[in-house]
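Q: What follows is a single structure, and I will ask about it in a moment.
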Amino acid sequence: MTENIISVDHLTYQYDENQAPALTDVSFTVHAGEWLAIVGHNGSGKSTLAKSLDGLLPFTQGSVTVGGITLTPETVWQVREQIGMIFQNPDNQFVGATVEDDVAFGLENRQISRDEMVPRVQAALAQVGMTSFAQREPSSLSGGQKQRVALAGIVAIAPKILILDEATSMLDPQGRIEMLAIVRQLRQQQNLTVISITHDIDEAASADRVLVIDDGRLVDEAVPSQIFERGTQLVEMGLDLPFTEKLKAALRQRGITPPTTYQTAAEMEEWLWQSLSNT
């Protein structure tokens, strides 16, 4: 049986006592080594949930357990040792004068010796394809390059869990593809548990499992293919449909009957080729 690396039980968070809760009675588990996507429209509460997992926002009710440690004010730093987090805007995360200084920052905070720090920084930059930018100022980089540097900083400290909080939302399509490809590779190499907070349904397709948050509540949980088959239900919650589902809808409008189950881009391409060859 797969071990749960995170357990969230009846979590509620309220920014102000005069406001409705941003999260209400949310419970779920995260399996060690899995990729979990948490999707929802803007303002649904998904980023509040992400920040609650490592104590950035102290929840009002409920409990969070990470790696067997229950999150409390006394244990928050033990929990954070296990988690690396990348946010939407990489500029808000940079503290170093150069790329390599920034990647080294987390190691310096952990009082890692320079003899150990230098090779770890070099290895982290190599893993994200940023070795040649080590001496550059972070401000001179593109958005995609900045997120790679932020990811290198996480790789260097070697956490068990990586949280991407809308980390690809400010990237162009190619930058998004490249970033997710690097995350997939790192996950395999380091047995990372990945939690992706996103409103991008195509990004959620990379996950093993998807949670849907709507108005602060967990309203659905399933594998991506089952979630994407919800169709109009996703649209009603302010989410987009995956490209392949849009394509299937367009085919139906033209009198063509596509597969009824969710198809990845590769599967849809194969189906189209077979359909064309049979006509």
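Using N, Cα and C of the backbone, Cβ positions are placed for all residues, glycine too.
Remember, predicted model here, so these are calculated numbers, not experimental data.
Okay, these came from Swiss-Prot:
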BINDING   GLY40, HIS41, ASN42, GLY43, SER44, GLY45, LYS46, SER47  ATP binding site
DOMAIN    6-240  domain 'ABC transporter'
Q: For the binding-site residues listed here (HIS41, LYS46), tell me which residue's CB has the most neighbouring CB atoms inside 10 Å.
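A: Top count of Cβ atoms within 10 Å goes to LYS46.
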Q: Across the domain 'ABC transporter' (6-240), what does the mean pLDDT come to, as a whole number?
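A: Averaging the confidence scores along the domain 'ABC transporter' (6-240) gives 90.
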Q: Identify all same-chain residues not among GLY40, HIS41, ASN42, GLY43, SER44, GLY45, LYS46, SER47 whose C-beta atom falls within 8 angstroms of the centroid of the ATP site's C-beta atoms; report them in sequence order.
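A: Checked against the 8 Å cutoff, the neighbours are THR48, HIS199, ILE213.
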Q: By the DSSP assignment reduced to helix, strand and coil, which category contains LYS46 (ATP binding site)?
A: helix
Q: In which DSSP state, out of helix, strand and coil, do we find GLY40 (ATP binding site)?
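A: Looking at the DSSP assignment, GLY40 (ATP binding site) belongs to neither helix nor strand, so coil.
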